[in-house]
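> Here it is: the structure, laid out below.
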Amino acid sequence: MEKYIMSLDQGTTSSRCIIFNKKGEVVSVAQKEFTQIYPKAGWVEHDPLEIWGKQAGVAGEALNIARISPEQIAGIGITNQRETTVVWNKRTGMPVYNAIVWQCRRTAGYCDELREKGLDKTIKEKTGLMLDAYFSATKIKWILDNVEGARELAEKGDLLFGNIDTWLIWNMTKGKIHVTDYTNASRTMLFNIHELKWDEELLEILDIPKSMLPEVKPSSCVYGETDEILFGVSIPISGDAGDQQAALFGQTCFNAGMAKNTYGTGCFLLMNTGEKAVDSKNGLLTTIAVGIDGKVEYALEGSIFIGGAVIQWLRDELRMVKTAQETEKYATEVEDNNGVYLVPAFVGIGAPYWDSYARGTILGLTRGAKKEHIIRAALESMAYQTHDVLKAMEEDSGIELKALKVDGGACQNNFLMQFQSDILGVEVDRPEVVETTALGAAYLAGLAVGYWKDRNEISQNWAISRSFAPAMEDEKKEKLIKGWHKAVTKAMDWEEKE
């Protein structure tokens, strides 16, 4: 009986299940979008029960599409939107509030208060992260402080916190297992990435009871088995990693200096720095890349909040395109951006600027500016933001990047990939299997149950679908980058501080 690995890929806008074979090829995919909830400007929430329901649904669907039985699944890997925070009652299994999403800015003011107390330095030293509303810690605190009765329940030991991975595993095991992995823990702003444990001082500062927190384990190990009610059989849950770290693993960036960019809702650049946690002087995050083989490996990360989401905005709000795919056609109908720059700082701007008060802007408009120029400027914004992050990474790590591995939905846009290569001045490699996030989780799960022997076996699965080489003159490139940097400065510090 042929065996497979199931990967549950719980993203920001959809829940997916992908089944992989031994060669790392996609056997089947099932996907369901779920509701985005925007209670106030800058606030973003999800319904944890809807996420769990849809995730369980697509798992069954993917098995049906592949025409395989649950007995043929050797292990399940989970990868998830990181930082998104769920707090639930362990007695009832019910969330006390909606999941507060990574993009949500509601705790920016509280982060400013912590910064005024000089705590940003402590947080960076311990967690490798910037003090920002993006991470889970202040979201947990907000729930405890603002949801009626939550603080009392937490003090009594009745509330559990988890990122989406923890929430899924808890439900898959019928509440038996409350666990996360090193990569997800490293995104909470509560985890000491050097000592590899929850940090008592940070928990005290934020007034978060330790009893709420999950046990932290390696990214590749058997956490437990699914309850039989789910598939009719028990299947080992054996891999867990945050989406960006999973993509780094799926892209087989196993050596220091190897990097990938995922062009999803946001863009996320990660560079493996090996067993050394590199402290960033350029506004990047130091994070855990993977916990495997009895050790952890670290990475530098640049987070770009709005990547592919700018294309959704062109489609849904401005109605300039009917589908995301059309953007490539429009962008190539004009010779250049005609001096138009779009800075998509809809929820502030991330690395290496970190300004919560920046807002989106379109600059350089003249009477000759057309729809095509704005669409092109939107695509180009992803490449410029990637350039800024990559330069910061090279400076911090002292490693010059030779090539960039790419994945995520927008990497299928050939115009964008060519422009990315031009602006970076390095080769951009798109792999055969672009589902690298799900693939990374599958690899972690498969290694834990002996489905794959080791990382060498996995590396042989990686293959290039298309390579893009830089073809732009330096002078033109420098001029474009200069224009972009000018545009970014105009977008910063726009929103009034409360």
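Glycine residues also receive a Cβ, built from the backbone N, Cα and C atoms like all the rest.
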> Using only what Swiss-Prot says about glycerol binding by Arg82, Glu83, Asp243, Gln244, identify which of Tyr134, Tyr182, Tyr298 is listed for that site too.
Tyr134
> Determine which of Thr12, Thr13, Thr35, Thr286 appears in Swiss-Prot for the same sn-glycerol 3-phosphate site as Arg82, Glu83, Tyr134, Asp243.
Thr12
> Give me the sequence-ordered set of same-chain residues, not including Arg82, Glu83, Tyr134, Asp243, Gln244, with a C-beta within 8 angstroms of the centroid of the glycerol site's C-beta atoms.
Gln81, Thr84, Trp102, Arg187, Gly242, Phe268, Ser303
> If you count, for each of the binding-site residues Thr13, Gln244, Thr265, Asn413, the other Cβ atoms lying within 10 Å of its Cβ, which residue has the minimum?
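Among the binding-site residues Thr13, Gln244, Thr265, Asn413, the sparsest Cβ neighbourhood within 10 Å belongs to Thr13.
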> In which DSSP state, out of helix, strand and coil, do we find Gly308 (ATP binding site)?
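Where Gly308 (ATP binding site) sits, the three-state DSSP reduction gives coil.
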> Taking every protein chain in this structure into account, which of the binding-site residues Thr12, Ser14, Gln312 has the most other Cβ atoms within 10 Å of its Cβ?
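The residue with the densest Cβ neighbourhood is Thr12.
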> If one looks at the chain holding Arg16 (ADP binding site), which residues at least 6 apart in sequence have a CB under 8 angstroms from its CB?
Leu8, Asp9, Gln10, Val29, Ala30, Gln31, Lys32, Val58, Ala438
> As a test of the contact definition, list every same-chain residue at least 6 positions from Asp243 (sn-glycerol 3-phosphate binding site) whose Cβ is closer than 8 Å to its Cβ.
Asp9, Gly11, Thr79, Asn80, Gln81, Arg82, Thr262, Gly264, Phe268, Thr437
